[in-house]
Amino acid sequence: MDKLIIKGGKKLAGEVTVSGSKNASLPIFISTILAPAEHEISNVPFLRDINTTIKVLEQLGAKVDGNGNIVKIDTTGVDNFEATYELVKTMRASVLVLGPLLARFGKARVSLPGGCAIGARPINLHLKGLAAMGADINLTHGYVEAKAKQLKGARINFDVSTVGGTEHLMMAAATAKGETILENAAREPEIVDLANVLTKMGARIDGAGTDTIRISGVKELGPVSHRVMPDRIEAGTFMIAAAITGGDIKVRNMQLEHLDALVFKLQDAGVEIINKDNVVRVKGPRKIKGVNIKTRPYPGFPTDMQAQFMALMCLADSASVISENIFENRFMHVSELMRFGADITTEGNTATVKGVKKLSGAPVMATDLRASACLILAGLAADNTTEVSRIYHLDRGYESIEKKLAGLGADIVRVQE
């Protein structure tokens with residue numbers, strides 16, 4: 001098992017290029033099931049979750065060939081409508097194959113994601129939507145079994161905003177009979193990217209990026225060539241890396257408009273952000289100001305940036321309050337930040353962070369993907385040496401982050417424990 005060793009206290013400088021979006025790539029890969037053809041997806045990041053998705057597609061009968069950041073997917077040979085627990089258990093997004101398989105074959109059998117409690121996770125919204133489109137759904141032995149001669153258009157109002165549910169039903173509706181209307185749809189940029197892919201295939205979609213999406217079903221879809229959007233969470237993580245170290249960096253291949261909520265809060269904290277010719281310059285302040293945040297569905301402050309922003313607030317000149325309104329149990333990084341000397345108290349979904357003058361390097365353990373990034377950021381700013389273990393979480397969502405940070409002047413290496 002690998003770990004990262006960081007010698008902190010270095011101001012980051014230079015340029016870094018953001019990889020393609022993981023959260024956009026996964027549903028885009030899965031959408032190719034809908035069209036039996038040869039597809040080409042570029043700007044794909046090298047990540048564990050991408051490899052898992054490729055294995056799922058191959059298990060279903062697709063041929064996948066990767067060359068650098070370009071992946072060719074041939075789905076003409078897909079002849080299996082079952083996604084087994086052995087693969088699905090490692091990645092929750094795998095359940096998105098259910099709708100496309102059902103649309104293509106009229107039946108599908110997909111394992112529930114590992115540790116997924118139907119009532120506690122919005123997968124029930126996926127199933128409710130498919131049922132509204134005419135699917136007969138049964139849960140047996142940990143699998144979702146679905147049948148439908150042909151999915152039919154329906155009006156679906158999500159109880160809560162769900163990115164996966166919106167993506168799932170948008171794919172399923174692309175070849176359904178009639179019009180499907182998704183109300184209270186999620187508005188994330190990754191949904192727009194998926195809609196762009198489906199539209200290139202021949203789908204008729206209107207309203208992606210708003211809370212009402214209309215999909216007029218077509219008889220069939222064709223091949224697609226598409227470049228995945230940049231990863232806005234990786235971009236935001238590098239912006240905070242510059243801020244927390246008092247650095248001065250340029251970030252390439254990012255779309256700043258996707259991070260408005262974060263940008264405003266960073267500016268409130270004293271960070272200077274300049275966007276020129278699609279290159280974003282980020283200069284850390286001499287003093288970090290305390291700023292309150294509340295996570296919200298897009299275009300609000302992203303929950304996937306909450307942990308990283310908390311690391312920044314640990315060194316602020318005043319207290320800040322962080323409210324997590326999207327996910328439960330998303331303060332698991334707090335106890336690890338306190339090992340650096342951070343002053344944080346939590347109550348329910350709220351954390352109060354009292355800034356300290358400095359952090360001190362410590363051995364810490366990552367608990368999830370974004371917590372991994374948070375601990376790295378703290379380590380970059382801390383005195384002395386920090387060791388971050390269990391970084392396999394990190395490899396799910398960040399492509400070679402230690403190499404990119406080292407390229408900015410960080411003293412960071414990956415070693416085997």
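Heads up, the Cβ atoms here are built off N, Cα and C, so glycines get one too.
Swiss-Prot lists Lys22, Asn23 with the feature phosphoenolpyruvate binding site. Long-range C-beta contacts of Lys22 (phosphoenolpyruvate binding site), restricted to its own chain and to partners at least six residues apart, with a cutoff below 8 Å, comprise Pro45, Leu47, Asp49, Ile50, Asp231, Arg396, Gly397.
Sequence annotations record features per position, and here Swiss-Prot assigns UDP-N-acetyl-alpha-D-glucosamine binding site to Arg92, Asp304, Ile326 based on sequence analysis. Cβ neighbours of Asp304 (UDP-N-acetyl-alpha-D-glucosamine binding site) (same chain, under 8 Å, six or more residues apart in sequence): Ile233, Arg370. Under DSSP, Asp304 (UDP-N-acetyl-alpha-D-glucosamine binding site) is assigned to a helix (H, G or I) in the three-state scheme.
Residues annotated as active site, proton donor in Swiss-Prot: Cys116.
Residues or ranges marked as 2-(S-cysteinyl)pyruvic acid O-phosphothioketal in Swiss-Prot (evidence: sequence analysis): Cys116.
Distance from the CA of Arg92 (UDP-N-acetyl-alpha-D-glucosamine binding site) to the CA of Asn23 (phosphoenolpyruvate binding site) is 12 Å. Residues Val163, Thr303, Phe327 surround the recorded UDP-N-acetyl-alpha-D-glucosamine site, their Cβ atoms falling within 8 Å of the Cβ centroid of Arg92, Asp304, Ile326, which are themselves excluded.
Pairwise Cα distances among Arg92, Asp304, Ile326, the recorded UDP-N-acetyl-alpha-D-glucosamine-binding residues, top out at 17 Å. When the neighbouring Cβ atoms lying within 10 Å are counted for each of the binding-site residues (Asn23, Arg92, Ile326), the highest count belongs to Asn23.
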